[in-house]
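**Student:** Sharing the feature lines straight out of TrEMBL:
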type	residues	note
ACT_SITE	314	active site, proton acceptor
BINDING	313, 317, 336	Zn(2+) binding site
DOMAIN	22-206	domain 'Aminopeptidase N-like N-terminal'
DOMAIN	241-457	domain 'Peptidase M1 membrane alanine aminopeptidase'
DOMAIN	534-851	domain 'ERAP1-like C-terminal'
SITE	398	site 'Transition state stabilizer'
């Protein structure tokens, strides 16, 4: 009964009570950019649906004076004053208690409040930019996942959709932006009041407000939607490429989802301080500068591709996420996995020469790596507290999510998938949906058992490895859960198997849902000669499972790679699976090294890039397991990579493609890291010219990072000239992409003293908080223990200065590469008393990775023939 309610019963709950539902917010905000504070008032039109004396909503870090709160039932004209307003900081809720039971039906809740424009990059915060050499503050919002409550009191859960009418009072020289177009501006001396059109019904996490001084470029889609890219003053030309991509993407998605873009405008804006890559606020998408701006002269091909894919990802959300919204954060993967997958669909449509579907396999690999941990989580993950949400913005929600969607699309067929999806969007437009709702739509459209198939992929963590043996002319398949630790999990999946034999002209498809199965090959065999025989499962890597072949089948595939019989995606997949199996102790390192040697004539960028990543990872483990063999291994890898680098050279040929530009940087960086003298010398020569003349054609953007990494190989504590030169470039550029390139190179030095100095630079006022991770990622392979010691020494400061996903990056990037049990014990001990809910999962996963590395090191040490094989490979050329 409402009379028996107490404030206590609302504390410690995962969700808000459902006895009142917001329908509309009239929100007025007055930010003070100089004082970094804001005042506001909100009138929430809500419906009381069950008897209650309480209204419970979210508020965090806001100052709400009890005298500024009242509730007026519709038609009564009489405002009810609360008897008590309780702020519960640990639950981020506001409990408003009235003397009497509130009348059922509609009413308006008025709240006046004050807050701080924080510097944590979430909620309503400040970002710093330069205008005519002077530092200025802009006000920015970032509300996903649960930070709208830091800007105004609200029902801050995705299912509580409402209409928003926003009014801003701002300095008159500034530009004020929100989700909808401006309908009126009233200037009053030094301030102005800006009124925006009402939004359609939407969730709180998608509300956006930005105030600052900006330039923009604009254009219109073929059906008249205005699209603008806002930038810092003087940078608008760098927004042109993103604008072109956005115009095409809005048209493509209108067709693909069979629903027009729902808003009258689309604004995209580059924010100097931004924790994520981008955020899909309805009609006003915010980005890191590196993810939106492209400078023809100083951005690399990789930057261009990132801009295209990120823009497509965020615009996909305007339908999948904003128009149809997940019911609760358990279904986050629906938003992120889907937007990740469809962003590749768009990029492939606009830039077919980029081969993005082959590059997509890198997304799958990242998903595989996280999901092979015992500390992974299912795609659909129970969220019991708001602190747990940030940690699931990870490779499971995004990359595994995207991979299983691709697997399902491939299984159902592109046309059926698209039509069913359009039906789902139509049905749930302007409301909320669960994973089940999508399966129901796809099942109805395809007639296939989608629920049964997909439950095994979204409701349990992990994925299978399918082991394949050939006996008596039959293929024997067996599935077990794959774990990087080498232990066997208990999961079982409905696996969409595709396989081909000797050629791609005939393929078999079937669902494998038992533990074991035999499969006859008679209809598939197309080999004239025994030498040409090979079998490949998971054709073109469209499904999310690994394959382990018996020795004979594995050697046939190696031969198929050498003779160029496999597609690029399959060449990638064979290596990726072999590397994972080797790490798990299911295959020897010597056979993996022989497999790498088979890629000597590789032509595809993504495959060769993966060979390089794999090789550098092996070298890193070898440094711990068998340091005496490291020199020979590096010689083998340098001899392997050098012909590719010589063929490409340092300078782009006229008319060469995007993928060559990507490959050149990857190759030269790897050779520099391996200590290849000719590469390092040439890099230093070019760098010295560039240092004196930034316009020289000798160091184009695609090879700049390689040159910086090479330069850092020549730096040590007694000669830091190269390090100082890079800092000079960092300080003189105002291009974020260039700053990130420098940061990513500073710690790649072999000298631990210099690495420590570079790490200390992260914490200086010169590095924006969001950019710290780039320097951490660049720590040289021999300096992981230096980085770990640095993290421990600075932990208290880091914990105070960083939050959300940025904090999880610090832990993951620093702890995961360690490779001894002693370091695992040390990390466990250190975090025992220093963890908190928002990083608990990451700490556990990172320590598990250390244990896996340590185990791999032991199994490498135990390989009796390793020294001989490495020696033979090193002298082969």
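Glycine residues also receive a Cβ, built from the backbone N, Cα and C atoms like all the rest.
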**Student:** Hey, how far is residue 398 (site 'Transition state stabilizer') from residue 317 (Zn(2+) binding site), Cα to Cα, in Å?
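**Tutor:** Residue 398 (site 'Transition state stabilizer') to residue 317 (Zn(2+) binding site), Cα-Cα distance: 13 Å.
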**Student:** Mean pLDDT over the domain 'Aminopeptidase N-like N-terminal' (22-206): what is the value?
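**Tutor:** Computed over the domain 'Aminopeptidase N-like N-terminal' (22-206), the mean pLDDT is 97 on the 0 to 100 scale.
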**Student:** Whole-number Å distance between the CA of residue 336 (Zn(2+) binding site) and the CA of residue 314 (active site, proton acceptor)?
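**Tutor:** Just about 9 Å between their Cα atoms.
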**Student:** Starting from the Cβ centroid of 313, 317, 336, which together make up the recorded Zn(2+) site, report each further residue of the same chain whose Cβ lies within 8 Å of that point, ordered by sequence.
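**Tutor:** Result: 280, 314, 316, 320, 321, 335, 338, 339, 340, 343, 398.
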**Student:** Using a Cβ-Cβ cut-off under 8 angstroms and a sequence gap of six or more, which residues of the chain neighbour residue 317 (Zn(2+) binding site)?
**Tutor:** 280, 335, 339
**Student:** Which chain-mates of the residue listed as 'active site, proton acceptor' that are at least 6 residues away have a CB under 8 A from its CB, listed by sequence?
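**Tutor:** Listed in sequence order: 268, 278, 279, 280, 285, 287, 339.
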**Student:** Let me check the 10 A CB neighbour count of residue 336 (Zn(2+) binding site). How many other CB atoms are there?
**Tutor:** 24
**Student:** Residue 398 (site 'Transition state stabilizer') has how many other Cβ neighbours within 10 Å of its own Cβ?
**Tutor:** 24
**Student:** May I ask which residues of the same chain, at least 6 positions away in sequence, place their Cβ under 8 angstroms from the Cβ of residue 313 (Zn(2+) binding site)?
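**Tutor:** Correct list: 278, 339, 340, 342, 343.
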